[in-house]
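Quick notes on the structure that follows.
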């Protein structure tokens, strides 16, 4: 069974849905190149948070995808995945034990069917009718990246001895519980203040983006575990964010924590709290960064890159 061709939206009322589709079709009329006959559709079932749907599934992306024969379809969380589709790709970024079990169970079913079917002309014919589902990304991969303890480990494990310039990784310490023990643990680890305190889990919530700068030993016990403490290095208030989609790599500049002087720190009671600073809307007065540069808000040309990547996944299984 092939799902319907219409793009679906899982948030907003009926009037809002109609307005979005109308604007989308208006945009499509300007860029529509048409889908060449004979090309089969690629169905991408998505299970995303409402926040991610709003920011990622923009009309420009959906129109470009439609012109390439890619259709995004919302996954019903209240139904078994095996009863939906067939999907060529499942795009998901949800957490929670129940969703994880549903996803892993469905993937096992799809793999089992694709390997054991004896209908018609055998395995090849069956897989043309029921392609094996590709999951972006597997739950284990997402879980690994959600933990800030491991984010810098890949860089720390690399050998940059022959690289141009200096590449360093700040030393860090993971605190899972008992804030009263933090001063002693920091001293034992030999970390140098000030320290950036980051929530251990990066789950996309507002709280997970709350950063603090601790610069007095006595203030450390006022932090809230679980968290990661990293040595802070002044870096001009700018960071470089690296996007990787398949073989495509894009680097953009974003605002970061501003440089901190001893005089500024003396005005606070040991802990300096920062808002979310690395998002597109963040600002830093002292950062030498033009907000109009390409890619400031999002990954540059992500629509073209991402749709090409989706097609490459399906073509690679053909």
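Each Cβ is built from the backbone N, Cα and C atoms, and glycine gets one as well.
In TrEMBL, annotation is done automatically, which means it is predicted and not curated.
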From 93, 176, grab the residue that TrEMBL records in the same 1D-myo-inositol 1,3,4-trisphosphate site as 52, 209, 241.
93
Given the binding-site residues 52, 93, 209, 241, find the one whose Cα is closest in space to the Cα of residue 234 (ATP binding site).
241
When you tally the Cβ atoms that lie within 10 Å of each candidate's Cβ, which of the binding-site residues (148, 241) has the highest tally?
148
Just going by other Cβ atoms within 10 Å, which of the binding-site residues 232, 240 has the emptiest spot?
240
Tell me the residue counts in helix, strand and coil for the domain 'Inositol 1,3,4-trisphosphate 5/6-kinase ATP-grasp' (162-290), as DSSP assigns them.
24 helix, 39 strand, 66 coil
With DSSP, how much of the domain 'Inositol-tetrakisphosphate 1-kinase N-terminal' (43-104) is helix, how much strand and how much coil, in residues?
27 helix, 14 strand, 21 coil
Fewest other C-beta atoms within 10 angstroms, as judged across 230, 234, 256, which are the binding-site residues:
234
